[in-house]
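Features of the protein shown, as given by TrEMBL:
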- N54, E85, D227, N229: Mg(2+) binding site (BINDING)
- 1-14: compositional bias 'Basic and acidic residues' (COMPBIAS)
- 15-29: compositional bias 'Polar residues' (COMPBIAS)
- 99-115: compositional bias 'Basic and acidic residues' (COMPBIAS)
- 51-242: domain 'Endonuclease/exonuclease/phosphatase' (DOMAIN)
- 1-46: region 'Disordered' (REGION)
- 88-115: region 'Disordered' (REGION)
- N229: site 'Transition state stabilizer' (SITE)
Amino acid sequence: MKRFFKPVEKDGSSKKANVSASSPFSSVNDGEETAEISSENGDNKEPLKFLTWNANSFLLRAKNDWPEFSKFVENLDPDIIAIQEVRMPAAGSKGTPKNPRELKDDTSSSREEKQVMMRALSSPPFRNYAVWWSLSDFKYAGTALLIKKCFKPQKVSFSLDRTGSKHEPEGRVILAEFESFRFLNTYVPNNGWKDEETSFQRRRKWDKRMLEFVLQNSDKPLIWCGDLNVSHEDIDVSHPEFFSTAKLNGYVPPNKEDSGQPGFTLSERKRFGAILKEGKLVDAYRYLHKEKDMERGFSWSGNPVGK
């Protein structure tokens, strides 16, 4: 897929805004990055420019960071904006089936939150985009996809299953299909520190299904972006040895390949490498940036601390 990508020029229109974001395609770095599909005939009938951002509460960004984000989007003018960690609950009252495609508005607080979000998205430049939601039952996870109204996807689905008839639990997937490619926005489950159903096993199941997905959908090029919760190679982290030996409260998993910082365990990295290889995918960020570039990395506080 190398032939499909070229870097965006580093002029005033693509400089970083003062918001955190996740880098595109097969990378998990949380610095805002973009990439374009090169068009040989200059015919822009399909999306060409993409932005992906782990917002860590889209509502909080709408309240606190919207002017900066709006200016960034206006200058960059992306065709598609992929959001992860929306953290707004799906519609539906307590004890009733939820509608993961709609924001909750059956309480005074949820109505107020929905109004804040809708006002933000109805302001320029976002009024030019159609919005798809895939939401969790509560304020957790969730994804959103904003596509310019001039581009009409052939289909939008919300699951890694081939039929795509259901929503992925916790709203972790939005898949838009266009004539010449598929665009997949994911918020991948964190591996966690311990070998239990909610961590290691859940991530193994996800990676297995992701591999099946790329193999079953190989008839078109795939653009896969989002928070993928994995650092594939040593070059993708600041201190590989530190992360590969990290422990939480002294716990050591039975399988040595599961040891280390979640997102950088050997087992996760091997599975991710297999997905890239079998799916004939290219880490677009690393393809464009051959050398280490920690200025484009991300940091977090916690245990351990690093980049």
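Even glycines carry a Cβ here, placed using N, Cα and C.
As the structure is a computational prediction, the values presented were derived from the model and not from experiment.
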DSSP residue counts for the compositional bias 'Basic and acidic residues' (99-115), split into helix, strand and coil: 8 helix, 5 strand, 4 coil
Under 8 Å between C-beta atoms and at least six apart in sequence, can you list the same-chain neighbours of E85 (Mg(2+) binding site), or say none if there are none? N54, A55, N56, S57, F58, A141, G142, Y187, D227
Taking every residue in the domain 'Endonuclease/exonuclease/phosphatase' (51-242), the average pLDDT works out to 94
Around the C-beta of N229 (Mg(2+) binding site), how many further C-beta atoms are within 10 angstroms, looking at every protein chain? 21
Row N54 (Mg(2+) binding site), column other C-beta within 10 angstroms, all chains, value 20
